[in-house]
Amino acid sequence: MKIFSQQQLPDIDAATIQEQNIKSIDLMERAAQYVSLYLSSLSYSRYVIFAGPGNNGGDALAVARLLAAKEGNNITAYLFNIGKGLSSNCEANRNRLAECPNVSFTEITEKFEPPQLSEDAVIVDGLFGTGLNKPLNGGFGALVQFFNASPAHIVSIDMPSGLMCENNAQNVRNHIVRANTTITLGAPKIAQLMADNHEFVGKLIVADIGLSDGKSKGLDSNYEFTDKEDIKNIIRERDSFGHKGSFGHSLLIASTYGMAGAAILATRACLRSGVGKVTVRTPHRNNNILQIAIPEAVLNLDSHEKHFSSPINTDDYNALAIGPGLGTSHDTAVAFIEQVRRTRIPLVIDADGLNILADHKGWIQQIPSDTILTPHFREMQRIGSHCTDSYSALTEAQEMAVKHSFFIILKGHFTAICTPEGKTFFNSTGNSGMATAGSGDVLTGIICALLAQKYTQTEACRLGVYIHGLAGDIAANKLGETSLIASDIIEAIPEAFLQLSAKDAEKAPSPDFLILK
Ligand SMILES: NC(=O)C1=CN([C@@H]2O[C@H](COP(=O)(O)OP(=O)(O)OC[C@H]3O[C@@H](n4cnc5c(N)ncnc54)[C@H](OP(=O)(O)O)[C@@H]3O)[C@@H](O)[C@H]2O)[C@@H](O)CC1
Ligand SMILES: Nc1ncnc2c1ncn2[C@@H]1O[C@H](COP(=O)(O)OP(=O)(O)O)[C@@H](O)[C@H]1O
Ligand SMILES: [K+]
């Protein structure tokens, strides 16, 4: 699913209207139908609707009318018409609502007497949506504070009012609605996917209101939201005549002595992700624990007892992942950069590999192009130079990916994959149970396995991140998020692959045919 920028949204609106030969108010009605359907499914009967002067307000007034048509609903609606007037569709919906007998409707042109809001009410926030052009202040700022202080349940239409679609660094956080749920229209907006806006967005629901994909107007976007269909198009069937050589050989360089778990988790995840063979280079003293823990892995022991100290030739391997539990000692850092500099196979750098780069920022120039880096927010702050919030971390990751030709996987709730071409793919799977030690090592192992099977970097990142999150979701469904540990994600990888590659078994057309296998 493509995600369009704030500037592009009116064009998508226009394309939809043209392609489907409808009026813009019909599209508004469609949006309102989805929102009212959702609201009716909640166990509340009192709805207090707040409409602004633009089309977000128009949506809200249409929602008020649709809710009022259902028996037993107690509807109060306020329209704030205190500035330069209403948008034409907002005005049309005001007129339609004014004819509705069972709604208590007030148009505010000057003074507003706030109603009593108790916890049995739903505030429907239709003040501002994607047309917000500066932070809220004055009366609207105060109104938002009134919402946020009330015990009522808040549902925002399209955007929590006050939140800008993309960059909120200069916003006034006290003047942004803190919704319990946001029903966004068509596709998510970038700001809704940023961790530090979760407190405003609440639960995010996307209503598919049948918007155009922009093709007819030649509109393209650098942002995409990866869903199951995209992944099904990436995932390949296994060659039934394949042998372990044809499924690739992954090399993992991981773990100091005392951090063997990182290597174990990454290796197990790698083995569960379809690769033919995995070799782990690790310090001598990790020998016994790794041999016992993962009999399927081949070990390549570093001569140093306790840490990675010397690089190896990678000619016999198809992909390398380096960094989990690696340590950052001087000796290891020197071996790391030598290893990375001489590597010509697809490469993933994670965890302490990123910390080494943070300690030696000049080395970033020496990383081969097409390398995959997997920082979480803090690691991005360390390897970057100016990120202070989620959005600036995203833009810095995007700039770095383009400048150095890297693939940067910025990990989080909606993990973002930034490519050298300037594209960003947001992931749609995963849960907070995955915020547990070792979960990142699992992701690294999965991606290394996919690269060794000759998935391109873009495919390996998208598929790997999706499978990792899906495995986390499957594990959380069985065990709950609270108790989830990284090993549970690995246990669920097979089920994740099964769900994605499940094809209808081919049926013989008649008993005269025998399908061998
Ligand atoms: N995309 C779609 O497909 C569909 C979109 N739809 C809906 O349309 C919504 C977008 O509508 P929109 O463009 O009319 O903008 P909206 O958010 O109502 O605000 C504009 C008004 O706010 C004002 N204003 C702005 N900032 C302000 C501030 N800081 N403080 C005070 N005022 C401020 C601004 O005034 P101005 O600054 O321009 O004078 C103008 O009056 C979208 O979110 C969705 O709900 C659906 O109906 C159908 C499908
Ligand atoms: N709240 C969350 N929702 C979805 N995914 C999450 C959440 N928290 C963490 N994850 C995922 O779990 C992984 C954690 O990786 P990382 O922070 O590197 O862990 P570690 O260093 O402990 O191995 C990332 O892939 C991240 O996207
Ligand atoms: K809103």
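Note: Cβ is positioned from N, Cα and C throughout, glycine not excepted.
Taking the domain 'YjeF N-terminal' (9-217) as a whole, pLDDT averages 95 in the prediction. Look at TrEMBL and you will find 9-217 tagged as domain 'YjeF N-terminal'.
Look at TrEMBL and you will find 55-59, 129-135, Asp158, Ala262, Gly325, His376, Asp441 tagged as (6S)-NADPHX binding site. Look at Asn56 (K(+) binding site): DSSP puts it in a helix. Spatially close to Asn56 (K(+) binding site) yet at least six residues away along the chain are Gly126, Leu127, Phe128, Gly129, Thr130, Gly131, Ile157, Asp158, Met159, Ser161, judged by Cβ distances under 8 angstroms.
When secondary structure is read from DSSP and collapsed to three states, Ser161 (K(+) binding site) falls in the coil class. Annotation source TrEMBL lists K(+) binding site at Asn56, Asp125, Ser161.
If you look up TrEMBL, you'll see 227-500 marked as domain 'YjeF C-terminal'.
Summarising the annotation, TrEMBL assigns AMP binding site to Lys411, Gly412, His413, Phe414, Thr415, Gly440. Lys411 (AMP binding site) falls within a strand segment according to DSSP. Non-local contacts of Lys411 (AMP binding site) by the CB criterion (under 8 A, 6+ apart in sequence, same chain) comprise Thr374, Pro375, His376, Phe377, Gly440, Leu443.
Neighbouring residues of the recorded K(+) site, listed in sequence order and excluding Asn56, Asp125, Ser161, comprise Phe50, Gly52, Gly57, Ala60, Gly126, Leu127, Phe128, Gly129, Ser156, Ile157, Asp158, Met159, Pro160, Gly162, Val177 (Cβ within 8 Å of the Cβ centroid).
Gly412 (AMP binding site) sits 32 Å from Asn55 ((6S)-NADPHX binding site), taking the C-alpha atoms as the reference points. Sequence-ordered, the extra residues of this chain that approach the AMP site, with Cβ no more than 8 Å from the Cβ center of Lys411, Gly412, His413, Phe414, Thr415, Gly440, are His376, Leu410, Ala416, Asn427, Gly430, Val465.
A separation of roughly 25 Å, to the nearest angstrom, links the Cα atoms of Asp125 (K(+) binding site) and His413 (AMP binding site).
The Cβ neighbour count for Gly58 ((6S)-NADPHX binding site), using a 10 Å radius and every protein chain shown, is 32.
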